[in-house]
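Here is what TrEMBL says about this protein:
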- 1-44: region 'Disordered' (REGION)
- 27-42: compositional bias 'Pro residues' (COMPBIAS)
- 55-73: transmembrane segment (TRANSMEM)
- 79-104: transmembrane segment (TRANSMEM)
- 125-147: transmembrane segment (TRANSMEM)
- 159-183: transmembrane segment (TRANSMEM)
- 195-215: transmembrane segment (TRANSMEM)
- 227-246: transmembrane segment (TRANSMEM)
- 252-352: domain 'FAD-binding FR-type' (DOMAIN)
Amino acid sequence: MTTEARHHPLYTPVPVPLAPHGSGPRTAPPPRPAPAPGPAPAPVLRLAPRRLQDGILGGAGAVALLWGVQARPSARLDAFFATGAHLTGLLAGYGVLVLLLLMARVPAIEHGVGADRLARWHSRGGRYTLGLIAAHTVLALCGYAVHTRTDLVTATGDLLSYGAIAAAVAGTLLLAAVGITSARAVRGRLRHETWRAVHLGALLAAALGFVHQLAGPDIAGGLLTRWLWSMAHATVAVLLVWYRLVVPARAALRHDLRVSEVRDEAPGVVSVLVRGRGVARLRAEPGQFFRWRFLSRGLWATALPFSLSAPVRDDTLRITVKVRGDHTRRVRRLRPGTRVLAAGPFGAFTAHRRTRRKVLLLAGGVGITPLRALFETMPGGPGDMTLLYRASDEGGLVLRAELEAIARERKAALHYLLGPSDGSYDPLAPRALRALVPDLAAHDVYLCGPPAMARAATASLRRAGVPASRIHAENFEEQAP
Ligand SMILES: Cc1cc2nc3c(=O)[nH]c(=O)nc-3n(C[C@H](O)[C@H](O)[C@H](O)COP(=O)(O)OP(=O)(O)OC[C@H]3O[C@@H](n4cnc5c(N)ncnc54)[C@H](O)[C@@H]3O)c2cc1C
């Protein structure tokens, strides 16, 4: 610990003394999850982010090739506009398909890439796709106007008289609405439900765009292209229906989840225990989250994402929720027996990302929830695990007794970093982190906390020599439609 840390009045790292093995903590250590009976389950499939990225780029390359083999070189201006419109149109159609695939909640993609990264890719891809649609519209209009020697207004009127083009325009308007409501300035003023409802319009937009593409020369030109394009769309549609509707409905019938207990953890923070049949078959891993729909007044219409704050045991899932707004306030008032629909598990913030023996878990505020579950279950011997928990004061520490019990049981280090975030001493500065975790650069780091804290911690860790590939973060603010 640095001298500044020791003398700073507001900063109080609290190391938890390690008890001799077997001497027993003050609180009983949480039991280890029992091994599942029966034959070993099939391994969880995970698609690595790089693989998915390569696949998406490869698909874009194939689409460009499809355009390339059909393009006829010409020095004429209208042909130049038309050929540019074809390329941007094909890539935009492909872009919409990729955007839908990223949000289809395919388990191998969710577990390998992670929901927060998928949401980021989806949002960046959405901007590129809208740009391509805008370019396609302008190029197509100019091409038509030059070809027919008319002005742009007349060209627009003429083109709108074609059914497939009118469909594409309607689709474009829907996608533009999705883009506008997702812009940071607008998104912050909208309720999550409104934003999500507008996003549903993208499904109709994709269908209208598909009608337009089938009528266009690039796709309509050949039987094989038409078949391949249709198959790609049908596959994504089936994945969407299967993983977003059928799988959650089947899980609801199979597991019959209900709230079994709501427990106060700290002011404004509760744990909700949800019990069901055969919950182990959901194969939820510590660090993952579900989207929870509680069938009670004011909550049934929305699915809220919450991480598991403990490993699954005794057919029970546990979440720990901090009150932030209307929905989380209602979660606090849930009654035992309330039915629950839980979609998931989702997320790649799990032990499979680990590459080193030593692991640092770095939590801020309610970001402790997935880390609490990982702290208990990640394999490791004495001294391999360190948990740093940042909060403004002791009142902000949740699940404290459990964390201390796990630390003692596992001979793991646990430090609380208390103090205001705008204080003169920064407990997340590289020097302070190195003082608490001397061989920091040899660790994998799992990080979950408020965005500002996560950004500052990531920058510090990088400066302290931890490569970006070994910083694994979960972001509670990254929203997926
Ligand atoms: C992967 C993930 C795991 C999370 N785990 C936890 C956890 O373990 N404990 C915890 O306390 N919080 C967790 N959160 C945050 C939690 O989901 C939000 O704080 C909660 O949904 C806010 O609900 P509200 O309506 O009461 O608050 P509001 O004040 O209405 O919203 C607060 C923020 O949450 C967003 N939000 C609201 N509803 C949803 C929704 N249905 N889906 C996504 N975002 C929404 C809003 O857009 C806003 O940014 C997690 C979030 C994510 C994305």
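Just so you know, glycine gets a Cβ as well, placed from its N, Cα and C.
Unlike curated records, TrEMBL annotations are generated automatically.
Since the structure is predicted, the reported quantities are computational estimates derived from the model, not experimental observations.
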Helix, strand and coil residues within the domain 'FAD-binding FR-type' (252-352) as assigned by DSSP: 17 helix, 43 strand, 41 coil
Candidates 55-73, 79-104, 125-147; stretch with most C-beta pairs under 8 Å toward the transmembrane segment (195-215): 79-104
Beyond the flanks of the transmembrane segment (125-147) by at least 6 residues, Cβ under 8 Å: 77-82, 84-85, 88-89, 91-92, 95-96, 98-99, 102, 154-156, 158-159, 172, 175-176, 178-179, 182
Close approaches to the transmembrane segment (55-73) from elsewhere in its chain (Cβ under 8 angstroms; 6 or more beyond its ends): 79, 83, 86-87, 90-91, 94, 98, 217-218, 221, 225
